[in-house]
C-alpha cells in the first residue's frame with residue numbers, strides 16, 4: 001500500500017464506541033504512515049441505521065469497518081451489507097468472547113444493556129472529550145486553566161492522538177504546538193497546579209513522519225518542515241523550554257499512544273499526592 005493512501009475507518013457499535021475506538025487506535029499505531037479519516041457510529045441498534053451508514057460510505061475510497069455488536073441478527077446484517085460492498089468488516093471482540101465461551105463451556109449472555117456506563121463517569125469523559133477537541137493544536141486557550149494536563153511539542157509528535165486518548169480516560173487536555181522562533185501564545189509560568197508535559201522524538205524518525213505527511217498532502221515543496229538543521233533546532237528548543245521550567249519530557253520515538261498516555265497519567269497521579 002502506498003504511503004499516501006487514506007483509509008476511511010468506520011467504527012460501529014450498539015453502545016458508546018469506546019471499546020472499538022480503543023482497539024482501532026491501538027492497531028493503527030502499527031501503520032503510522034497511513035492517513036486515517038475516522039467515522040464513529042454509536043448506539044446503532046436496527047437495520048435502518050446500518051442502511052443509512054452504508055449509504056453514506058464513499059464507494060471509491062479505501063473503507064474499513066470495525067465494530068462491536070451483541071445482537072447476532074444485527075451483526076449478521078451488518079456483515080451482509082458490508083460484504084455486498086466488498087468492505088472489510090471486523091468484529092473486535094468476537095474472537096475473545098468465543099475463546100472464553102469455549103474454555104468455560106458456557107454460552108455468552110444473549111443481551112447486554114447499551115446503557116452500561118452511562119453514569120457520572122461516562123458524562124465526565126464526554127465533557128473531557130469535548131474540551132480536549134476544542135483545545136486541540138493550541139486553540140481556545142482563554143480557558144486553559146480548566147485543563148488537567150497541558151501537552152507541548154513540535155509538529156507530528158503524537159500530541160493530538162495522545163490528548164484524545166487521555167480525554168477518553170476522563171482528562172481535560174490542551175495540546176500546544178511549539179514552533180521554532182515563535183513564542184508561546186499563552187503564559188504557562190503561573191500554571192503551578194497543572195501537569196505540563198513536553199513530547200520529543202528522534203530527529204530521523206520525526207523527519208520520516210513529516211515527509212510522509214507532506215506526500216499525503218501533496219506538499220513536498222515545504223523544505224523547511226523536513227530540513228535537518230531546522231528540525232534539530234525545533235527539538236532542542238522544546239527540550240530547553242521544558243528543562244528551564246522543570247516540566248517532564250517524554251521521548252515518544254518507540255512509544256505507542258497508549259504508552260505515552262500511561263506515562264503522562266503516572267506523572268499526573270504523582271502530582272496529586
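Yeah, the Cβs are placed from backbone N, Cα and C, and that goes for glycine too.
According to Swiss-Prot, the protein has these features:
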| type | residues | note |
| --- | --- | --- |
| BINDING | 153, 154, 155, 156, 157, 158, 159, 160 | ADP binding site |
For residue 153 (ADP binding site), which residues in the same chain are close in space, meaning a Cβ under 8 Å from its Cβ, but six or more apart along the sequence?
-> 159, 175, 177, 178, 198, 199, 200, 238
Starting from the ADP site formed by 153, 154, 155, 156, 157, 158, 159, 160, give every other residue of that chain whose CB sits within 8 Å of the mean position of their CB atoms, in sequence order.
-> 175, 177, 199, 201
Would you pick out, from the binding-site residues 155, 157, 158, 160, the residue whose Cβ has the largest number of other Cβ atoms within 10 Å?
-> 157
Residue 156 (ADP binding site), number of other Cβ atoms within 10 Å | 21
Would you mind listing, in sequence order, the residues at least six apart from residue 154 (ADP binding site) in the same chain with a Cβ closer than 8 Å to its Cβ?
-> 177, 178, 179, 180, 206, 231, 234, 235, 238
